[in-house]
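Copied over from TrEMBL, here are the features:
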TRANSMEM  40-58  transmembrane segment
TRANSMEM  70-91  transmembrane segment
TRANSMEM  103-124  transmembrane segment
TRANSMEM  136-158  transmembrane segment
TRANSMEM  164-183  transmembrane segment
TRANSMEM  204-223  transmembrane segment
TRANSMEM  235-256  transmembrane segment
TRANSMEM  268-291  transmembrane segment
TRANSMEM  297-319  transmembrane segment
């Protein structure tokens, strides 16, 4: 299963590159009003499909065992949806005086506003041997919270630069995100046994739809002659994203390993991944709604598209190191326990 998951992620990364290349080659196909009619097929049908799929695949029945760790959940959710975006905002005040493209900087802020992903943090926590139940709970709960909080954070830090009014944004979010998610969860109750037996390819479905969203987003970009992205800005943003990832992983490690924290080494593993990972699957559709019609939407999306593979790459590279630390700490705890 791990091998299949890794292969799926690798193909998805290749898919992103091909989607962007395809948009560059023939942008007229995926622009608003074009043959694909993305203003309907993407803005409504594709986004609703992703969240119905999420509702259908989300195993909320497995989360009850993790409910008791309230302190752990509070730490992760506050770090992810409050500390992270606020810190990025302060950091961007310094970066605003640099020559980095302003829309890429706005894109960095959108990364900070995103909820945790449903899959990657759980997979990496499991690979290390950390608190998987806590990772599942916080990924799922964070996704639910993100439906409400992420659009509010985006509007708070960036505002909506499109002509779409506040009430219209949230009515579309409700119809394309909340309603499909609830329907998916309701349907799951009746076909849960069948889903467990057949294990439908939920990840592949969401990834395919997401690639369609990415493709049409970049079609809009490449069809606009006024947009110019300099390579200097892109390289700097890539370096900044690596730095943010490593810094926040280190920060969560320091906070959660203090003697007064009360967290176990397994808890720390879940905290490191769940607090610093951001959801591309939920993020891109939300940006598509909140910044509908914005000419710089694709540039705003670039940091999130970069952050996604970076978090998987860094996480995968650090798995052996974190696992070694966790095992040594757990052995240390056992050795210090008094024998009866």
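One is the number of the first residue shown, and numbering goes on along the chain from there.
Here the Cβ of each residue, glycine as well, is placed from N, Cα and C on the backbone.
Curation does not apply to TrEMBL; its annotations are automatic.
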Quiz item: Are the transmembrane segment (136-158) and the transmembrane segment (235-256) close, by which I mean at least 3 Cβ pairs under 8 Å that are 6+ residues apart in sequence?
Solution: no
Quiz item: Ranking 103-124, 204-223, 235-256 by Cβ pairs under 8 Å to the transmembrane segment (40-58), which is first?
Solution: 204-223
